[in-house]
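Noted in TrEMBL for the protein shown:
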BINDING   A:Ser15, A:Leu51, A:Ile87  FAD binding site
BINDING   A:His168, A:Gly169, A:Asn170, A:Val171, A:Arg212, A:Arg213, A:Glu224  NADP(+) binding site
Amino acid sequence: MSIPLKLAVVGGGPSAFYVVSRVLQQLPQNSALGARLRVHIYDRLWAPHGLVRYGVAPDHPEVKNCTSKFDETAHDPRVRFFGNVNIGAAPINPSPDVTNLPLSSLLPHYSHLLLANGCPTPRVHPALSLPSSVCRPALDVVHWYTSHPASAGPPDLSRTEHVTVIGHGNVALDVARILLSHPSRLEPYDVPNAVLDILRTSRVKHVSIFGRRGPLQASFAPRELREMMSLDDVSFTPLSQDIIERSESEINAVEKISEPQVAGGQTLGIGTGYSRAQKRMFNMLKSGSKAHYGTTPKTFSIEFFKSPVGLEYSSGPHSVSLKLSHTTLDSPGPNARAVPSGEFSTIDTDLVLPSLGYIPDSSFFADNLSSSWIATPGLSHVRNNSGRIVDTEGNLIRNAYVSGWAASGAKGVLARTVEDARVVSSAIVEDYTKSSTGDSVDDQTQSSVLSTSPEITLDSIPSEVQIGLERGAVTTYEDWKQIDAEEIRRGQEEVVIGDLKKERQRMDWSSAKVFLSDVRDKTATSSS
Amino acid sequence: MHGGINRPEPGTGLKVHFKDSKGNHIKTVEVNEGDSILEIAHEYDIDLEGACEASLACSTCHVILPPEYYDLLPEPGDDENDMLDMAFGLTDTSRLGCQVIMKKELDDIIVTLPAATRNMYVDGAKPTTH
C-alpha cells in the first residue's frame, strides 16, 4: 500500500486555503486518491485567514469576500483547522492558550507538509533605532487597527502632528490613509471602537511617505494611490517640477531601448519597460489630489530619492529629526537601483514608521530540521523550486512544499497568491499521483523529514493539540464560524449613522474565549 | 459552486466560446443576456477565480477578448483599470470577467483565459540523475 496524502499546513492564511482548495478539487473525495487525503491547517493565531483578517485595511471590505471560498474549503470533511497552535522552534506568543509544538513533534503525524506561514516579520533599518514612542514598524499600526494578538498597543496620536512613513508599498499607503482619514469615515467598517477612540484624539496633520527611488519604481498599487488622492479634507503636496522632469526623461530613455512587444498578443507590462500600472500611477502623482493643496486641514506628501541614515531626538517643535541621504538611479528602468548622490537633508517629525519589506519568521527556521530551507542572504523566502522546498545543498525535501509569501517573498496582491496556488497544488498532486503509481522519485537527491509509513493514521493529531482542544485553548473552524457570526451580530447592533450598521465588531482572544466557553456551556446544558 | 444564473433552453441562448491561454478550445456554452462572464465561468466550471465576488477589488477574473468584441463594450472605468493593472499578462484587450455583461451583439464571443501561471521562482535543485 502506498502512503496517504496527509498534509500538515503551517499557517492558515489565503495561500493555505487557495492551495488546499485546489488539491481538494483535483482529488475529489469519491476518488481512490482523494479518499486517502486529509488536511490539517495550523495557525499560531486563534482566528484563521492570516492577512485577510489581520492585514487587509478595514476600508477594503470587498477584498475580504474571498473568505467565502475559504469557508467552502474548510467545510470539506477532509479538512480540519487548529488555531492557537504555534509550530516552530521558539514560542512567539506568550499567551498560555497558545500550544507550542516543535516541527519534530508535528512531522511524524504527516506524510506531507505545506509551509504557508508568510512573511510576518518587518525588515529593520539599522539607522532607525529609537524607542517605540517615536519609531516603530508601520506593521505595528496595522496590528493595532486589526487587533492582532501580537499588537504592541496604539501609537500616541494625541502628541503626534507630523508622521513619517518610510517605504513605497501598499502597507505604507494603508497606514497613511488610516491615520489621515476622519474617524467617521471608518466607523461603518471593521475597526474596533477602541481604535476609533484613539483616532478621535489624533492631532496628525501631515504624513510624509519617503522612498529611495522615484515615482516610476514605487511598489504601490494604483487603487491605493487613487484612494489617497480622493480622501476628503486631505490634499497632496504637488510633485516638484524636478521630479516630474526626471521621471519623464526616464520614460523616454527606457522607451527608446525597449521596443514595445507588438507581435503576438500585445502584452503590456512585461519586459524591461515600465508597466501600464507604473505609468498610470505617475500620471496620478502628476495630477495630484482631488482636494486642492492648501485648502485642507490635513496633507500628505510622497517624497522620492531619499533614504534614512540617522534618527535622533530633537529639541525643536517635533520629537525627532530624521537625516536623509539623497539618491539617484544607477540607470533608468523599473529595476533601477538607488545610489547615494552625496547630498543630505534633515526633517523634523513626531513619529517614524518604517515599512521596508517583510521576511519569513526566523524563529520558525531556527529549528535544526528547517534551518537549511531559508534563502540566505536576506532571508527573504523559503528556498523552493516551483513550490517544492529545496535545502541549501539543492536537495529536494521530499513531500515538503511552500506557498504564498513564504515562497515568493513579501510581494504581490491576492491575485498573485491565487496564481501561485495553482503551481503549488499541481506540484503536490503530481508528486502524489506519481508516488502512488509506484513511479518512484529519485531518493538520491531527496532528503525526507516526513513520515513515509503507509500505516500512518489518517486522522491522528499530535497529543499536544488534542489536549489543547480539550481545554478549549486550541480553536477549530467551527469555533471560528461561531465567532464570525457573533462579531457580525454585535456590529449590527451598532447604528453608525442613519440605517447604516457596523460591518462587524471584532473580538480579541480574551472575549472570544469567554464567548466560546458560554456557547459550550449552553450546548452542554441543552443536551443534558 | 455555480454561478447562480439560469441556463437557457439549448439552441436559444447566446454563445460564449472559452479558450485557454494557448488558444485551445475549452468549451462553448449557451447563456442569457445580462449574465457576466464570471458568472458564466462559474456556472460551467471554467477555472476563473473571482476572489472578490465581482466587487472590483481584485484581478482574478481577468480575461482576454478579441479586439472586435472588446470594442463593442463600454470603456473600462478607473476602478477596473486599477485592478487590471495588477493582472498578470495584461493585454490591450484585457477585461475583468465580472464587468463583461452578455448582450446580443456579443453573441459568439471568444473568451481567452490568461496564462494560468507565471514562472515561479527556482532556487536551484541538483539535477536529477537517472
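Each position is counted from 1, following the chain as shown.
Using N, Cα and C of the backbone, Cβ positions are placed for all residues, glycine too.
TrEMBL entries are annotated by machine, without manual review.
Note that the structure is predicted; figures quoted are calculated from it, not measured.
Features recorded in TrEMBL, as mapped to the structure shown.
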residue  : record               : DSSP (3 states)
A:Ser15  : FAD binding site     : helix
A:Leu51  : FAD binding site     : helix
A:Ile87  : FAD binding site     : strand
A:His168 : NADP(+) binding site : coil
A:Arg212 : NADP(+) binding site : coil
A:Glu224 : NADP(+) binding site : helix
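Of all the binding-site residues listed here (A:Ser15, A:Asn170), it is A:Asn170 whose C-beta has the fewest other C-beta atoms within 10 angstroms. Sequence-distant neighbours of A:Leu51 (FAD binding site) (same chain, 6+ residues apart, CB-CB distance under 8 A): A:Gly13, A:Pro14, A:Gly118. Within 10 Å of the C-beta of A:Gly169 (NADP(+) binding site) we count 22 further C-beta atoms, all protein chains included. Neighbour list (A:Val171 (NADP(+) binding site), Cβ cut-off 8 Å, at least 6 residues apart, same chain): A:Ala138, A:Leu139, A:Val142, A:Ser355. The separation of A:Ser15 (FAD binding site) from A:Gly169 (NADP(+) binding site), Cα to Cα, is 20 Å. Here the CA atom of A:Ile87 (FAD binding site) lies 36 Å from the CA atom of A:Arg212 (NADP(+) binding site). Among A:His168, A:Gly169, A:Asn170, A:Val171, A:Arg212, A:Arg213, A:Glu224, the residues given in the record as binding NADP(+), the maximal Cα to Cα distance rounds to 19 Å. If you compare every pair of Cα atoms in A:Ser15, A:Leu51, A:Ile87, the residues listed for FAD, the longest distance is 18 angstrom.
Between the CA atoms of A:Glu224 (NADP(+) binding site) and A:Ser15 (FAD binding site) there is a gap of 22 Å.
The binding-site residues recorded for this entry are A:His168, A:Asn170, A:Arg213, and the Cα of A:Asn170 lies nearest to that of A:Ser15 (FAD binding site).
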